[in-house]
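Enquirer: Quick one: this structure, given as structure tokens, is what I'll be asking you about.
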Amino acid sequence: MPLKHYLLLLVGCQAWALGLAYYGCPSECTCSRASQVECTGARIVAMPTPLPWNAMSLQVVNTHITELPENLFLNISALIALKMEKNELSTIMPGAFRNLGSLRYLSLANNKLRMLPIRVFQDVNNLESLLLSNNQLVQIQPAQFSQFSNLRELQLHGNNLESIPEEAFDHLVGLTKLNLGRNSFTHLSPRLFQHLGNLQVLRLHENRLSDIPMGTFDALGNLQELALQENQIGTLSPGLFHNNRNLQRLYLSNNHISQLPPGIFMQLPQLNKLTLFGNSLRELSPGVFGPMPNLRELWLYNNHITSLADNTFSHLNQLQVLILSHNQLTYISPGAFNGLTNLRELSLHTNALQDLDSNVFRSLANLQNISLQSNRLRQLPGSIFANVNGLTTIQLQNNNLENLPLGIFDHLVNLCELRLYDNPWRCDSDILPLHNWLLLNRARLGTDTLPVCSSPANVRGQSLVIININFPGPSVQGPETPEVPSYPDTPSYPDTTSVSSTTEITSAVDDYTDLTTIEATDDRNTWGMTEAQSGLAIAAIVIGIIALACSLAACICCCCCKKRSQAVLMQMKAPNEC
């Protein structure tokens, strides 16, 4: 073979080897044509090599890598995103990220990092997102993030940080999202956030904060979300949020707040969600929640509130969800809900209410769902739902109700779900109107549990819906008459027991004739019935068909309303708190 052929073969082999070095994919990884490399698996204990020189995205997940040595990524300078999560990583050497000047996204979350070298990020000045969450970090150096003028997102939640130097964020002027939740902070410096004028999301949840100094959030004029839930905050300074006029979501739940200072929420015109559940609030002063014209959700459950005064929520005319369950409410003033003209859902369950004023819900013209279960309600005014024509769900189970007023639900044409079980219903003559209404509207009771009679003793435990309620009329002595088949009373909402009994007795006496006369005239139809009996049978059949049609219509209404209700609730209800 000529010498030039040997030379060509040698050059070709070298080029092939060089191509592998630049374009090859490590056996432990998968590489796509879109310059994406993914390396996963417990068998990986060191960074796989060689990595393709044109890689733009590298993911190293669920490996046993413990260390990133110096100059590890020198040959992949085009890298834009590096994700190293859920590894055993505990050490990063200075210079590990050298030559990654194009990197925009770096995630080191869910590792075992305890300390970070002071200049570990000096070669990635163009980072926009840095995720260090769910490690074991105990300290942040004052100049740790000093070179990140382009950083937009910093995630430090889920570490063991007890404090942060007050100058740690001074150079992060472009930061829009900062998560410091689930650490062990006990205090914050008033100047910690003073250079973060572009910050939109600040999360400090699940720490040990007991007090927040006045002025801590004054520089955060663009803040939209502030998460302070699950701390140990006992008091709030009156002007704590006065400079946060763009705030939309404020989470204060599960703290130790016992009172709300007057004017605490006065300067929050954009707020649409406020959570205060799981605190120690005992009273709500009228006007404390206003004006907040954009507030849609107010969560106040699991407090110690005992009463609601007139106009407590009068400045919240766009409120759609009000949750007051699991308190100690014994009294609600008739004007407590004034101004809540757009309220859709009202939760008052698990309180100590015994009575409600007939006008208490009169201003809630758009209410759709109301939960009153697990109180001590003994009775309800007949007009309590008079102005709430759009109700689709009413929960009254687990109270002390023995009866309900005539016609209390008649105008609620959209009612789909009514819960009445676990009440001590008294099934005497007074219950017949409710019994008849339930017969015609059984589909609205659902299929889980039906209301059951508690008294008298002879009907205890029987369903209020299907029980056969018979009340004897006055006895009339007369000659023995032929036995006439009995038919169920016609289900009708008005109580007509006395009328029907008298009519039946009078008819039986007036129409009495000798049996021989009946047999002689043979005035019976094909089924062996008299004309009167045939009329009763036909009437019973017609009424049965009408009742079946009403039940079917109620079922269709219920299905349609449930879909509408779920759609509304899906639009109102927000994700879980961060």
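Quick reminder: no glycine exception, Cβ is built from N, Cα and C everywhere.
Here the structure is a predicted model, which means the values were calculated and not measured.
Here Swiss-Prot flags 1-21 as signal peptide. The annotation domain 'LRRNT' is assigned in Swiss-Prot to 22-53. Taken from Swiss-Prot, the feature topological domain 'Extracellular' applies to 22-535, supported by sequence analysis. The repeat 'LRR 1' annotation in Swiss-Prot covers 54-75. The N-linked glycosylation site annotation in Swiss-Prot covers Asn75, Asn369 and rests on sequence analysis. Per Swiss-Prot, the feature repeat 'LRR 2' maps to 78-99. Feature annotation from Swiss-Prot assigns repeat 'LRR 3' to 102-123. Here Swiss-Prot flags 126-147 as repeat 'LRR 4'. Per Swiss-Prot, the feature repeat 'LRR 6' maps to 174-195. Residues or ranges marked as repeat 'LRR 7' by Swiss-Prot: 198-219. Feature annotation from Swiss-Prot assigns repeat 'LRR 8' to 222-243. The feature repeat 'LRR 9' is assigned by Swiss-Prot to 246-267. Here Swiss-Prot flags 270-291 as repeat 'LRR 10'. Annotation comment: Swiss-Prot describes 342-363 as repeat 'LRR 13'. Taken from Swiss-Prot, the feature repeat 'LRR 14' covers 366-387. The repeat 'LRR 15' annotation in Swiss-Prot covers 390-411. What Swiss-Prot records for 423-473 is domain 'LRRCT'. Per Swiss-Prot, the feature region 'Disordered' maps to 476-500. Residues or ranges marked as transmembrane segment by Swiss-Prot: 536-556. Per Swiss-Prot, the feature topological domain 'Cytoplasmic' maps to 557-578; the stated evidence is sequence analysis.
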Enquirer: Rounded to a whole angstrom, what is the C-alpha distance between Asn369 (N-linked glycosylation site) and Asn75 (N-linked glycosylation site)?
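Expert: Per the Cα atoms, Asn369 (N-linked glycosylation site) and Asn75 (N-linked glycosylation site) stand 62 Å apart.
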Enquirer: Determine the Cβ neighbour count for Asn369 (N-linked glycosylation site): the number of other Cβ atoms within 10 Å of its Cβ.
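Expert: The answer is 21 other Cβ atoms.
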Enquirer: Report, as numbers and ranges, every residue of the chain located at least six residues beyond the repeat 'LRR 1' (54-75) whose Cβ falls under 8 Å of a Cβ in that stretch; write 'none' if there are none.
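Expert: For the repeat 'LRR 1' (54-75), the sequence-distant neighbours (Cβ-Cβ under 8 Å, at least 6 residues beyond its ends) are 21-23, 31, 34-47, 81-100.
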Enquirer: On average, what pLDDT score does this prediction assign to the repeat 'LRR 6' (174-195)?
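Expert: Computed over the repeat 'LRR 6' (174-195), the mean pLDDT is 97 on the 0 to 100 scale.
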Enquirer: By DSSP, what is the split of the repeat 'LRR 7' (198-219) into helix, strand and coil residues?
Expert: 0 helix, 3 strand, 19 coil
Enquirer: How many other Cβ atoms sit within 10 Å of the Cβ of Asn75 (N-linked glycosylation site)?
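Expert: Cβ-Cβ neighbours of Asn75 (N-linked glycosylation site) within 10 Å number 17.
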Enquirer: Give the nonlocal contacts of the repeat 'LRR 13' (342-363) in its own chain as ranges (CB under 8 Å, at least six residues past its ends).
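Expert: For the repeat 'LRR 13' (342-363), the sequence-distant neighbours (Cβ-Cβ under 8 Å, at least 6 residues beyond its ends) are 301, 317-336, 369-388, 395, 400, 568-569, 572.
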Enquirer: Same-chain Cβ contacts of the repeat 'LRR 10' (270-291) under 8 Å, 6 or more residues past its ends?
Expert: 224, 229, 245-260, 262, 264, 297-316, 323, 574, 577
Enquirer: Does DSSP give Asn369 (N-linked glycosylation site) helix, strand or coil?
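Expert: The residue in question, Asn369 (N-linked glycosylation site), is strand (DSSP, three-state).
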Enquirer: Which residues, given as numbers and ranges, are at least 6 beyond the ends of the repeat 'LRR 8' (222-243) yet have a Cβ under 8 Å from it?
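Expert: Cβ under 8 Å, 6 or more out: 181, 197-214, 216, 249-268, 270, 275, 577-578.
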